[in-house]
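Chemist: Handing you a structure now.
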Amino acid sequence: MMTRIIERLPAGSLGWLVAHELRLATRGGKATTRVRIVRYILLAAFLIAGILTAVALANVPIRPDATFDAGLLVAAIAATSLMTTQAMIGTQQTLYERGDLDLLFSSPVAPRTILRAKLLAIAATVMLTFGALSLPFVLPIAIVGHPRLLGFVATLIGLALIAACIGLALALAIAKAAGPRAARTVGQIAAGLLGGGFFILSQAIGRHSNESGFEAVFRWVQASGWADSWWGLLPGRASFGDPLAILILLGGGILLFALTGAAFQRLFQSGFHDAGKHMTRRTVSKKGIGRQFRASLFTSIFMKEWRLLIRDPALAFRIVLRLVYLIPLTIVLTKNNDVPIAPGAAFFSVLVTGQLVGSFTWLAISAEDSPDLLTVAPVEKSTVEWVKLASALAMAAPLALILPIVIATETVAGALVTLVMTAIAGTLAGFIELKLSKPASRKTFARRRSGSLAAGILTMLVTFVFGGIAGVLVFVLL
């Protein structure tokens with residue numbers, strides 16, 4: 001369908017470029033018949049659930065009040081933080097991974113049009129992501145009996161435009177400050193912290209109560225008076241179709257979009273040119289190649305995997321960021337002082353380490369840049385695979401020791417049990433990736449689309465089972 005739209009638009013126009021960007025953003029390769037059937041089933045399930053909800057609420061009055069305003073303000077803040085994260089990642093992909101800017105800037109298309117097309121595509125992608133989760137429910141409710149809720153669409157568009165502009169500005173500022181070589185790593189860390197920051201903050205606010213994180217933030221927003229301010233009322237009033245609120249929110253997003261396109265055009269071009277110049281080493285190493293090899297096969301492969309992670313630290317930091325998202329879960333476990341920390345810590349130690357070993361193994365086995373060299377090497381394939389698995393376990397070992405040390409303050413035996421279960425789960429997770437993962441390029445690791453679905457499900461199952469066993473055993477040993 002997108003191809004037909006592109007064919008009807010003038011080549012090189014803003015709409016033509018935006019449609020092309022959306023086609024690239026939504027194209028995930030050739031889907032199998034089974035995958036397409038699953039997608040259609042999920043879409044149908046969402047629509048049916050939305051229609052049933054709309055019918056149930058058809059005669060229920062839904063009016064904006066202080067509670068709705070505060071709730072929608074909290075939801076808007078959370079959604080904007082996640083949208084901004086997605087926009088930052090989209091900007092980085094445009095600058096460093098897409099590889100089409102050199103052709104676009106050498107074409108007769110004006111640079112201003114190129115930047116606006118990229119920014120519009122990022123905003124549209126963000127809106128589609130969140131719209132796919134919310135519109136199947138909101139639109140049927142609005143159509144059946146609450147037409148004022150059609151204003152939610154304008155709210156979603158306004159927030160997406162604002163988030164896209166903020167994400168672009170942050171990504172370009174990081175590229176300017178950190179330099180192109182470090183910009184991807186720093187930007188991805190910043191994006192991950194921004195995306196998880198709201199959830200972590202919400203749990204931190206409610207750590208002394210039995211309320212959920214959203215409820216704690218909701219009460220805090222109400223107490224602060226933000227929901228009663230003119231800007232705090234905008235998301236709620238706009239979602240309920242208030243014309244003035246829609247004008248301010250949507251008009252503000254459009255105005256910010258225009259200002260961003262004009263203000264960051266030169267910085268966007270310089271960021272692209274700097275990325276092309278400095279993403280590779282300027283000088284050739286004067287050290288001999290012999291320093292890359294060691295006396296044993298294990299040491300050579302182990303050091304090779306470490307060098308790859310150091311050379312491309314964005315991959316390693318994306319894995320480590322998984323630990324950041326476990327902070328809210330840890331806070332949830334420690335809210336109630338009557339519940340011991342050790343069993344929950346044991347469960348999460350096994351879960352995190354197993355996932356981490358699986359990721360490292362997937363990177364070492366499937367994202368091998370030189371599989372042909374390993375194939376013709378005078379070494380057994382199984383030997384190389386097992387050495388890589390051992391390397392993955394060693395890489396995750398320092399992180400695997402953190403929670404057992406915490407558990408040891410309550411029970412030393414429980415800490416030892418946790419270490420054993422962590423080692424077993426990590427080994428099994430790595431073995432699953434070893435046998436089921438398929439070769440792919442390294443950059444697909446960031447999207448994880450080429451990984452084996454069966455391997456992911458089995459790894460999750462194994463880590464949950466052994467994490468549960470560890471938690472139960474530690475609880476018994478207390």
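Cβ coordinates are placed from backbone N, Cα and C, and glycine is handled just like the others.
According to TrEMBL:
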| type | residues | note |
| --- | --- | --- |
| TRANSMEM | 37-58 | transmembrane segment |
| TRANSMEM | 70-89 | transmembrane segment |
| TRANSMEM | 119-143 | transmembrane segment |
| TRANSMEM | 149-174 | transmembrane segment |
| TRANSMEM | 186-205 | transmembrane segment |
| TRANSMEM | 244-264 | transmembrane segment |
| TRANSMEM | 315-333 | transmembrane segment |
| TRANSMEM | 345-365 | transmembrane segment |
| TRANSMEM | 386-407 | transmembrane segment |
| TRANSMEM | 413-432 | transmembrane segment |
| TRANSMEM | 453-477 | transmembrane segment |
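Neighbours and distances for these, please.
Modeler: Residues 31, 132, 136-141, 143-146 of the same chain lie 6 or more positions beyond the ends of the transmembrane segment (37-58) yet place their CB under 8 Å from a CB of it.
Non-local neighbours of the transmembrane segment (119-143) in the same chain are 14, 17-18, 21-22, 25-26, 43, 46-47, 49-51, 53-54, 57, 62, 79, 82-83, 86-87, 90-91, 94, 149-150, 152-153, 156-157, 160-161, 163-165, 167-168, 257, 260-261; each lies 6+ residues outside the stretch with a CB under 8 Å from one of its CB atoms.
Beyond its flanks by at least six residues, the transmembrane segment (149-174) meets 62, 76, 79-80, 83-92, 95, 119-120, 122-124, 126-127, 130-131, 134-135, 138-139, 141-142, 183, 186-187, 190, 235, 238-242, 245-246, 249-250, 252-254, 256-257, 259-260, 264, 267-268, 271 of its own chain at Cβ-Cβ distances under 8 Å.
Proximity of distant same-chain residues to the transmembrane segment (244-264), defined by a Cβ-Cβ separation under 8 Å and at least 6 residues beyond the stretch ends, is recorded for 112, 115-116, 119-120, 123, 151, 154-155, 157-162, 164-165, 168-169, 172, 233-235, 237-238.
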Chemist: Among 70-89, 386-407, 453-477, point out the range having the most Cβ pairs under 8 angstroms from the transmembrane segment (413-432).
Modeler: 453-477
Chemist: Short question: which residues 6 or more past the ends of the transmembrane segment (386-407) have a Cβ under 8 Å from it?
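Modeler: Sequence-remote neighbours of the transmembrane segment (386-407) are 297-298, 301-302, 305-306, 309, 320, 323, 341-342, 345-346, 348-349, 352-353, 356-357, 360-361, 363-365, 414-416, 418-419, 422-423, 426-427, 430-431, 434, 474.
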